[in-house]
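Notes follow the structure.
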Amino acid sequence: MRIIKTKDYNDMSRKAANYIGALIINKPDCVLGLATGSTPIGTYKNLVAGYENGDYDFSNVRSVNLDEYKGLPKENEQSYYYFMHDNLFSHVNIDPANTHLPDGTEPDSQKACEEYNKVIASMGGVDLQLLGLGHDGHIGFNEPNDEFDKETHCVDLTEMTIEANKRFFNSIDEVPRQAYTMGIATIMRAKCVLMVVSGKDKAEILKKSFFGPITPQVPASILQLHPNFVLIADEDALSAL
Ligand SMILES: N[C@@H]1[C@@H](O)[C@H](O)[C@@H](COP(=O)(O)O)O[C@@H]1O
């Protein structure tokens, strides 16, 4: 595990975008595993700026997203489909046909998950998986559990996650209770895992995840075993170490 300590959120976002941008320059047809949440927004802004100034060309980049709420239509502003278009895809020259998210509009969970596993397999491996960190240690929507969930599956979101994500909705009742998420085994197979973490409110869970025991009760802790795990975190997020 490599820790890159940054001054603040902006510094974190710029360094993470530089990291991803270097991969795009090196491997123009790379497969990016992408994440949502508020933390990567700055990273995406910097990637868009890099595209605009001619540093990054997304025309051959392919992407697979970590997760999607179950039951939200694509045009719902809180769907991760909408988020990705709003924050990245519609601002760069990525081919929409090369971007993938689980289908949150598919009511049949087994079908949605099997289809997404096939999509992931067809990409031939993720070069870089970007991750945020949930307050309970979740990655994607892999919530604390008695075992590590391996492939794409449907999850019941925990109260903590519903509570944390309600800020994006009009009321807590609107927050979906379920989501489709890539599994831990898929995340662990990525050649490189890049996590961005910012803020004092993440300091305790960051410490627990990467300096505590490896346990499915703290899903992110499994990343301690990843051969190429890079954590880009700001001083606040690292303040409990
Ligand atoms: N499914 C997403 C995660 O992928 C994300 O890492 C987490 C943290 O979000 P934030 O970055 O807003 O703290 O939120 C959501 O639950």
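For all residues, glycine too, the Cβ spot is worked out from N, Cα and C.
Predicted automatically and left uncurated, TrEMBL annotations should be read as such.
Taken straight from TrEMBL:
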DOMAIN    13-224  domain 'Glucosamine/galactosamine-6-phosphate isomerase'
ACT_SITE  D67  active site, proton acceptor
ACT_SITE  D136  active site, for ring-opening step
ACT_SITE  H138  active site, proton acceptor
ACT_SITE  E143  active site, for ring-opening step
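Sequence features annotated in TrEMBL and their locations in the structure.
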residue : record                             : Cβ contacts under 8 Å, 6 or more apart
D67     : active site, proton acceptor       : T36, Y80, L101, P102, G140, F141, A179, Y180, T181, M182
D136    : active site, for ring-opening step : E143, P144, T158, M160, T161, I205, V218
H138    : active site, proton acceptor       : P144, T158, T161, P219, A220
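In the three-state DSSP scheme, D136 (active site, for ring-opening step) is classed as coil. The 6 Å Cβ screen around ligand 1 retains D67 from the active-site residues D67, D136, E143, ordered by sequence position. The number of other CB atoms found within 10 A of the CB of E143 (active site, for ring-opening step), across every protein chain shown, is 22. For the domain 'Glucosamine/galactosamine-6-phosphate isomerase' (13-224), the model's average pLDDT works out to 96.
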